[in-house]
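Visitor: What TrEMBL shows for this protein is this:
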- Asp127: active site, proton acceptor (ACT_SITE)
- Gly11, Arg72, Cys73, Gly102, Asp103, Gly104, Ser105: ATP binding site (BINDING)
- Arg21, Ala22, Val23, Val24, Arg25, Arg154, Gly185, Ala186, Glu187, Arg211, Lys213, Lys214, His215: ADP binding site (BINDING)
- Asp103: Mg(2+) binding site (BINDING)
- Thr125, Ile126, Asp127, Arg162, Met169, Gly170, Arg171, Glu222, Arg243, His249, Ile250, Gln251, Arg252: substrate binding site (BINDING)
- 3-275: domain 'Phosphofructokinase' (DOMAIN)
Amino acid sequence: MKRIGVLTSGGDAPGMNAAIRAVVRKGIYHQLEVYGIYQGYQGLINGNIKKLELGSVGDIIHRGGTILRSARCPEFVTKEGQQKGIAQLKKFGIEGLVVIGGDGSYRGAKALSEQGIPCIGIPGTIDNDIAGTDRTIGFDTALNTVIDAIDKIRDTASSHERTFVIEVMGRNAGDIALWTGLAGGAETILIPEVEESIDDIIERLHRGKERGKKHSIIIVAEGVTSGVKFAEELKKRTNMEIRVSVLGHIQRGGSPSAYDRVLASRLGSRAVELLLEGKGGRAVGIQNNQIVDYDFNEILDVPHEIDREMFKLSKELSI
Ligand code: ADP
């Protein structure tokens, strides 16, 4: 293999740049030529492809977002779209591809691998919703962003003795809500993986009030319901002063944490090694601090699970 490509796809995540940097530098270290494919699979179809040098990825390890930019590309779900992409790869002489993204992006990479272009997936999403890896790139940074916001909201919540509902991201996964709820000392954490009755939540709020609690923080994962709707319901049923904060896209931005930069560097490096070993159709990940890799088929369609012990702990600590 002489020439490889790298692209970022789907939702962006802090640390993607550190992963791109690792792929480019590791590739060049092993005498490969590395091409950047801009705007995900859309850019691949359009031939938006440029050679990257060592300097092309200088000064980006600390930057959020992705210098290759990202896109959603419905056309790539079709065979015709994929064939157009493959034609571009052939035109540029690119023999293998590193795809940084979430499980949608993995499906595209799997399709390419099955059609003769070896691809390696790197988990890049703040949602931590990819099976086979303990962490995805961007998750740790997003947690810190959310915690920073919760701490600030807590200041005002306690001054005014209010209950705050804070809606966090995560798509269909509750990891961001669970981790930040535990780290932020939330009274209640609502996640899609566990059903909660509103009666229980209200009872807990009343219990807290009775023992003199001045404020409450409720974290709602976007995969359960909207924070606004949930707060409306609570207001109707309790007559309490309830405020809502929807954190939104600030969770996707910002300089990546040290953890995410190191993770991205390790995963990027391993992805290139796998291509050099002649492997494709696989994704890299981290398990018990060891870098691992597995076939796309082993992880796609595996339902996401949260850490049940951690959820139990969050309940125990917020009685
Ligand atoms: P993420 O990678 O963050 O999960 P998406 O689900 O939006 O984000 O997927 C990103 C892109 O991956 C899509 O816009 C599409 O181009 C490609 N993709 C998604 N699903 C498939 C599929 N089944 N086959 C081929 N490509 C796909």
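Glycine is treated like the rest: Cβ placed from N, Cα and C.
TrEMBL does not curate its annotations; it predicts them automatically.
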Visitor: Looking only at Arg21, Ala22, Val23, Val24, Arg25, Arg154, Gly185, Ala186, Glu187, Arg211, Lys213, Lys214, His215, which the record lists for ADP, tell me the maximum pairwise CA distance in angstrom.
Guide: 58
Visitor: According to DSSP, does Met169 (substrate binding site) fall in a helix, a strand, or coil?
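Guide: In three-state terms, Met169 (substrate binding site) counts as coil.
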Visitor: Long-range same-chain neighbours of Glu187 (ADP binding site), Cβ under 8 Å, sequence gap at least 6?
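Guide: In sequence order, the residues whose Cβ lies under 8 Å from that of Glu187 (ADP binding site) (at least 6 apart) are Arg204, Leu205, Gly208, Lys213, Ser216, Ile217, Ile218, Ser318.
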Visitor: Counting across all protein chains present, how many other Cβ atoms fall within 10 Å of the Cβ of the residue listed as 'active site, proton acceptor'?
Guide: 28
Visitor: Taking only C-alpha atoms and a 10 A limit, tell me which of Arg72, Ser105, His215 are near Arg243 (substrate binding site). These are the binding-site residues.
Guide: none
Visitor: Taking the residues Thr125, Ile126, Asp127, Arg162, Met169, Gly170, Arg171, Glu222, Arg243, His249, Ile250, Gln251, Arg252, which the record names as binding substrate, find the longest CA to CA distance and state it in Å to the nearest whole number.
Guide: 33
Visitor: Using CB atoms and a 10 A radius, I'd like the single residue among the binding-site residues Arg171, Arg243 with the highest neighbour count.
Guide: Arg171
Visitor: Quick check for you: of the binding-site residues Val23, Arg72, Ser105, Arg171, Gly185, which have their Cα within 10 Å of the Cα of the residue listed as 'active site, proton acceptor'?
Guide: Arg171
Visitor: Got a sec? Which of these binding-site residues, Val23, Cys73, Met169, Ile250, has the most Cβ atoms within 10 Å?
Guide: Val23
Visitor: Of the binding-site residues Arg25, Thr125, His215, which one has its Cα closest to the Cα of Gly11 (ATP binding site)?
Guide: Thr125
Visitor: Nearest of the binding-site residues to Arg252 (substrate binding site) by CA-CA distance, picking from Arg25, Cys73, Ser105?
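Guide: In terms of Cα distance, Arg252 (substrate binding site) lies closest to Ser105.
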Visitor: Given Val23, Gly102, Asp103, Ser105, Thr125, Glu187 as the binding-site residues, which ones have a Cβ positioned under 6 Å from some atom of ligand 1?
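Guide: If the test is a Cβ under 6 Å from any atom of ligand 1, the answer is Gly102, Asp103, Ser105, Thr125.
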Visitor: Quick one: Cα separation, Arg171 (substrate binding site) versus Gly104 (ATP binding site), in Å?
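Guide: For Arg171 (substrate binding site) versus Gly104 (ATP binding site), the Cα atoms are 13 Å apart.
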